[in-house]
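Q: Quick one: the structure is below, and I'll ask about it shortly.
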């Protein structure tokens, strides 16, 4: 059997044909910093950095500023001549505009003779009857007549103006019979007063009619404005609340413009309060003290009654009661009544603070004292009234006798490092004499003498150092007061 082979060629159905991308222009090859400007055709730099290439057909602009004398740094094409002048695109455009303006100034409008020569072909001339000179003079005359202006007339003086009554044209024929004094040249005092009174009454009625007309126009425009505003609110009210999401750029711009128009010349915050106070002051100044009660609306007055008389104080914002009667409002949570004391209750409204039971300044409870002062140790009476025999003077402490060795162990060190002898109140003199006798009988006289000499020298120096500050303490008779050495 013969086999038939069928080759199925692949089709392009369902395949996306790749669209060849347009090759993007190469960017500038400026080395100092990256530049995204496209290159010039056939060059490696953009128009801004083309001067970096010395072989490029460009040079620096020849424009020099008249203010600072600096030359333009932009690039300009090289001229054909070597010493030619070339400008960049901006200065070339400015130069062309300046030349165009100068040509307009130097070239005035068409002259009259030029126009006559152009219009001479349209003039009707008889054959052989007129010469070119006569036709030109005729055309000049026609042109002069056509160019006649009001400036050639003489100015009108005051005497030449019309002195008629403005209402005379509106009067009817019958009015001449009703007003016999209309054309009279001389009037009496009564006639003048009567005429002026009638004119003032007429003027008053005209002013009243004019004000009524203006009021009608104002109401009509306000009605149209409110109607248009209602239509805009119905059409754009939802979009104003939801925000500009989902709107086009043009719709967003129109929405922003509409919001700006709504906020135009509207007062907010402190400015609105000051404007209301200014209006109230103006009303008081114009209407007098009789209108003072009407400046505050009934809705802004407190609703509380005191002895069957309504409170005249102004209510707090967003409430119907004043500060004194705000506790009568059961829905408010910002104020509470002061509890006061058990003897004298107090119902003064107090703002709710961090504490659960707020109080007014008169019944405010002070917190417990956080700081407790340290207790001062009292000095015993026996030390204060001690006998004077226990105090040693400076003469008694002179190094005339040897001190016992036991005193050296009891030496104290003060702040400056100098040792001082112990207080005489800390030991018994009888015990000291017994210890001294026992030490002498020991037989070690040499060591005891050396120790006694060192102790005497140290004790004398410390006693002298402690005695000098005591010189400043004096009694009333000028003698120093004996003090104890601590």
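Note: Cβ is positioned from N, Cα and C throughout, glycine not excepted.
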Q: Which residue from 65, 147, 353 is recorded in Swiss-Prot as phosphoserine?
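A: That would be 147, per the phosphoserine annotation in Swiss-Prot.
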Q: Report which of 22, 134, 149 appears in Swiss-Prot with the annotation phosphoserine.
A: 149
Q: If you check Swiss-Prot, which stretch out of 308-364, 365-421 is marked region 'Required for interaction with other NSL complex members'?
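A: From Swiss-Prot, the annotated region 'Required for interaction with other NSL complex members' range turns out to be 308-364.
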Q: Of 71-126, 127-182, which span is tagged region 'Disordered' by Swiss-Prot?
A: 127-182
Q: Residues with Cβ closer than 8 Å to the Cβ of residue 78 (SUMO2 cross-link), same chain and 6+ apart in sequence?
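A: Counting only residues 6 or more apart in sequence, the Cβ neighbours of residue 78 (SUMO2 cross-link) under 8 Å are 57, 58, 59, 86.
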Q: Please state whether DSSP places residue 78 (SUMO2 cross-link) in a helix, a strand or coil.
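A: Going by the DSSP assignment, residue 78 (SUMO2 cross-link) belongs to neither helix nor strand, so it counts as coil.
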